[in-house]
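Read the structure below first, then the notes.
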Amino acid sequence: MATRTSSAPRGSSNSKSGGSSGSRTPAKSGRSGTTTARGKQAAAVEPQQPWALRALAGVWQGIGHVVGAGVRRIGHDVSDLDPADRRDGAALFNLALGVFIATFAWWGFKGWFPDVVYSILNGTFGWISLLLPFMLFVCAFRLFRQPWDVRGNNRVGIGFLVMAVAGTGLAHIFGGQPTVADGFDGLRRAGGMVGFLAASPLAAIHPVVPVIAYGALAFVSVLIVTATPFGAIPRRIREAYEHLMGVDLMDAEGKSGDSHDRSYLYENDAVEAPKKKRRKRIFGKDDDGAGIEGYVGDEAFEHAIVDDDAAAGKGAPSVPPGVRRPTQAEIAVEKIKAAQGLGKAPAGDATEAIPVVSAAAPTAPVMVPSAPVSPQPPPTPIPQRTEQLSLAGDVTYTLPSADNLTPGSVPKERTEANDAVVAALTDTLQQFNVDATVTGFSRGPTVTRYEIELAPGTKVERVTALSKNISYAVASSDVRILSPIPGKSAIGIEIPNTDRETVSLGDVLRSQNARRTDHPMVMGVGKDVEGGFVVANLAKMPHMLVAGATGAGKSSFVNSMITSILMRATPDEVRMVMVDPKRVELTAYEGVPHLITPIITNPKKAAEALQWVVREMDARYDDLANYGYKHLDDFNKAVRAGKVVPPPDSKRVIKPYPYLLVIVDELADLMMVAPRDVEDSIVRITQLARAAGIHLVLATQRPSVDVVTGLIKANVPSRMAFATSSVTDSRVVLDQPGAEKLIGQGDALFLPMGASKAMRVQGAWVSESEIHRVVEHVKGQLKAVYREDVAAEAPKKQIDDDIGDDLEVLLQATELVVTTQFGSTSMLQRKLRVGFAKAGRLMDLLESRGVVGPSEGSKARDVLVKPDDLAPVLAAMKGLEAPAAPDAHTAALSENANANIAVGGYAEDLVAADLENRKQATDYYDGADSTDDGDEGGEDAWSLTGR
Ligand SMILES: Nc1ncnc2c1ncn2[C@@H]1O[C@H](COP(=O)(O)OP(=O)(O)OP(=O)(O)O)[C@@H](O)[C@H]1O
């Protein structure tokens with residue numbers, strides 16, 4: 001969907017809105033929306049100035065603009081200022097006055113004129129006049145750079161005035177309390193005339209009184225100038241200290257970290273109180289952390305070693321909260337291993353305790369007059385990993401440089417469009433007599449969330465019922481109302497920005513959270529509604545469904561994900577299988593060494609590749625079970641530590657397994673060719689693969705129940721929903737409405753595992769040229785070495801002629817009959833929804849293969865195959881070799897005499913999982929049955945995939 005470009009309604013109402021929104025007067029809009037109009041009016045009514053005066057004013061303004069243009073380019077460039085906002089004339093006046101006073105007061109110019117001026121100044125303010133140029137320079141600087149911040153500028157001006165008065169008062173006391181009778185010389189050396197007038201009445205009481213009074217006033221003036229409320233003094237002191245010393249005290253304490261990018265990590269159990277509060281705000285979770293199990297990783301993740309350098313990055317000796325610092329001994333062991341060339345500890349080691357998702361630290365709504373614009377930090381380079389990344393075969397690998405990803409535009413915290421919307425919302429509330437106020441807004445890249453607070457006794461429904469009127473007032477149909485904003489007593493109204501911003505992947509990867517971890521599976525997701533960066537650890541998802549209508553941004557998201565991995569992970573850490581039935585979306589990555597097989601474009605081959613993934617998973621499980629580890633990370637760590645030794649007679653060299661990321665760009669195409677096989681593989685992988693380090697990302701533009709079947713959904717816990725075409729699709733993806741209101745082009749609802757509320761994010765964008773640069777770098781480092789068995793032709797299926805095209809339905813019939821142990825033709829008819837003739841034919845085929853006995857008239861046939869033998873029978877029908885006996889894992893275990901109890905338990909788990917699979921299959925048909933009986937024409941969420 002396109003972004004709306006219609007101009008904001010009723011600019012002239014801005015000033016009104018400003019008033020009604022209290023302190024958060026949209027000064028900017030007030031000034032811009034209305035200044036121009038005001039200016040025009042003024043031009044119409046005011047008498048014409050004499051031309052000489054106008055010429056002079058013009059010249060003054062001209063010089064002001066030239067100087068202003070230079071000042072605005074100092075440091076962070078703010079020269080994109082709206083010309084209507086400039087106050088360069090006034091700023092130049094402050095600057096000129098400051099220079100003028102400095103010439104006499106600082107540099108001691110002599111002569112009658114300087115002497116007169118100096119005497120006046122000195123006589124008035126005493127030696128405090130030395131500070132006046134400094135104050136004027138600050139005022140000029142602000143006026144040049146932030147002229148729209150009228151309140152802020154006034155505040156600074158008033159603060160300086162108070163400071164000057166307090167200073168003169170103190171100077172008077174400490175200057176020996178001269179009197180006028182002593183002559184002006186004495187006054188000049190103290191606080192001047194102002195100091196005398198200010199301090200002498202109080203000094204008459206006691207000399208200490210003016211010292212205390214003006215000392216306090218001087219302190220208050222500093223607070224006014226720096227916009228520091230009393231409560232914020234410690235924080236400001238800490239920030240000043242951090243700024244001066246270049247350290248991050250919060251980080252060092254394991255707290256929130258960089259406040260600039262306003263990002264933070266959703267933590268595991270070890271979070272501190274403030275963090276929990278933040279999490280609550282987004283997801284509406286309890287402070288006790290209930291419902292965040294999704295963020296609590298595997299045991300292996302939580303007890304991972306943290307590599308200091310890796311976790312903290314260069315020069316930042318901090319570790320993420322909730323992560324254990326390594327002991328000195330552990331650090332030493334890791335270093336020795338690295339030196340011995342045993343392979344570096346994987347980045348994952350350092351960061352496996354990093355939780356799944358990080359998102360924006362919710363910030364105060366933006367209508368704070370003192371800080372209307374946050375300047376974009378100069379792009380910090382993505383720190384290169386410091387350790388040498390040596391791959392197997394002694395190849396040294398360097399990750400792509402940060403320069404490959406260009407920084408995005410400066411994020412805006414407030415624009416005129418926002419102010420216009422505030423005005424429109426306020427008008428609407430007033431028109432309908434709803435006693436509520438727009439108290440602020442948080443601007444994200446795509447949408448802005450406006451916060452509305454109700455007066456006591458006003459019903460929430462009064463606002464939510466206005467949703468259509470609000471849409472009308474702001475001229476947008478994509479208005480989303482959150483009532484309440486999770487964790488806040490306020491109603492949120494999300495309205496698309498007419499001036500939306502693109503979120504660059506480079507910026508996301510440069511954010512604090514992404515930099516804090518070296519975990520190779522961390523990807524840049526985008527930015528949330530409050531403008532905070534969101535990153536996610538794919539290893540903790542552990543599988544993700546990405547869905548949305550055509551053009552909504554799925555492929556761009558997949559591109560960001562792959563590029564993130566290429567930027568951060570070596571081929572030894574992460575390997576990928578890419579399935580791209582559309583043939584065009586992922587071709588850019590052809591040949592990258594992270595690929596395990598060429599990009600698969602043929603859906604049939606893709607189905608086979610999924611089966612390979614299942615086999616790979618089983619192989620990994622065998623190793624885990626044999627050597628007694630519960631998670632691949634533990635196993636890899638042990639391999640690197642040399643603790644995993646193959647049996648003496650084996651020639652096998654055991655190496656750490658890389659994470660395996662399987663990306664399917666269009667699931668629907670796969671489900672069309674081999675629904676059953678694909679679903680089986682996906683379910684099996686998703687149920688078990690997490691501990692084996694295998695993660696699936698399934699993207700589809702058809703989130704309908706025949707593509708995203710109930711079984712797939714149940715096993716893919718993390719969801720990323722881009723704009724869907726209907727509320728039904730949104731429900732399929734997220735189990736809740738909302739995605740149909742998204743506005744496309746990367747606008748998404750992100751529901752990571754364990755979260756109950758979806759988080760709105762604008763997906764990160766990576767351009768083709770950026771991808772090209774990254775890919776070129778990666779390919780230049782290493783050639784792709786493909787595994788032959790993945791894309792190899794699967795063993796030819798010898799499907800019997802008499803089965804023909806009915807294989808799928810025959811398999812279903814076999815499974816049905818065997819699992820229910822009931823050989824009835826009419827049951828097949830009902831459950832498979834086939835006609836009598838077809839059901840009869842299926843029964844004949846089953847009889848010919850020895851699944852059921854001969855017909856016994858109207859009685860059900862005997863079922864000759866036991867549920868335990870179902871797998872080989874199904875394989876035989878498919879023309880494949882029968883799979884290994886179900887107890888293969890247990891058999892493998894028994895070979896290992898030293899297998900410990902945990903391993904045994906795990907093998908049992910596997911068998912139990914197998915049984916659970918079968919049970920689900922039975923439930924599946926039962927589900928179909930009940931729907932059948934209950935609602936003939938209704939939507940069948942558990943419909944058979946064969947149909
Ligand atoms: N994160 C984003 N930021 C900015 N623009 C985006 C973003 N994601 C997508 N777009 C815009 O939307 C267009 C379509 O995106 P994309 O190709 O990813 O959609 P899609 O959902 O994969 O569509 P299809 O299913 O047809 O392939 C892009 O060409 C781009 O212009």
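Cβ coordinates are placed from backbone N, Cα and C, and glycine is handled just like the others.
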Pick from 156-175, 656-675: which stretch is listed in TrEMBL under transmembrane segment? 156-175
Among all protein chains shown, how many Cβ atoms are found within 10 Å of the Cβ of S555 (ATP binding site), not counting that one? 22
The answer for which binding-site residues (A549, G553, S555) have a CB under 6 A from ligand 1 is G553, S555
Which one of these binding-site residues, T550, A552, G553, K554, has the sparsest Cβ neighbourhood, judged by other Cβ atoms within 10 angstroms? T550
Long-range neighbours of the transmembrane segment (124-144), counting only residues six or more past its ends (CB under 8 A): 67-68, 71-72, 87-88, 90-92, 94-95, 97-99, 101-102, 105-106, 152-153, 156-157, 160, 163-164, 167-168, 171-172, 175, 187-195
Nonlocal neighbours by CB distance (under 8 Å) for A549 (ATP binding site), same chain, sequence gap 6 or more: Q701, F722, A723, T724, S725, D729, G744
Reported mean pLDDT - the domain 'FtsK' (531-731): 88
Candidate with sparsest Cβ neighbourhood (10 Å radius) among G548, G551, the listed binding-site residues: G551
Near-site residues: ATP, ref G548, A549, T550, G551, A552, G553, K554, S555, CB cutoff 8 A to centroid: Q701, F722, A723, G744
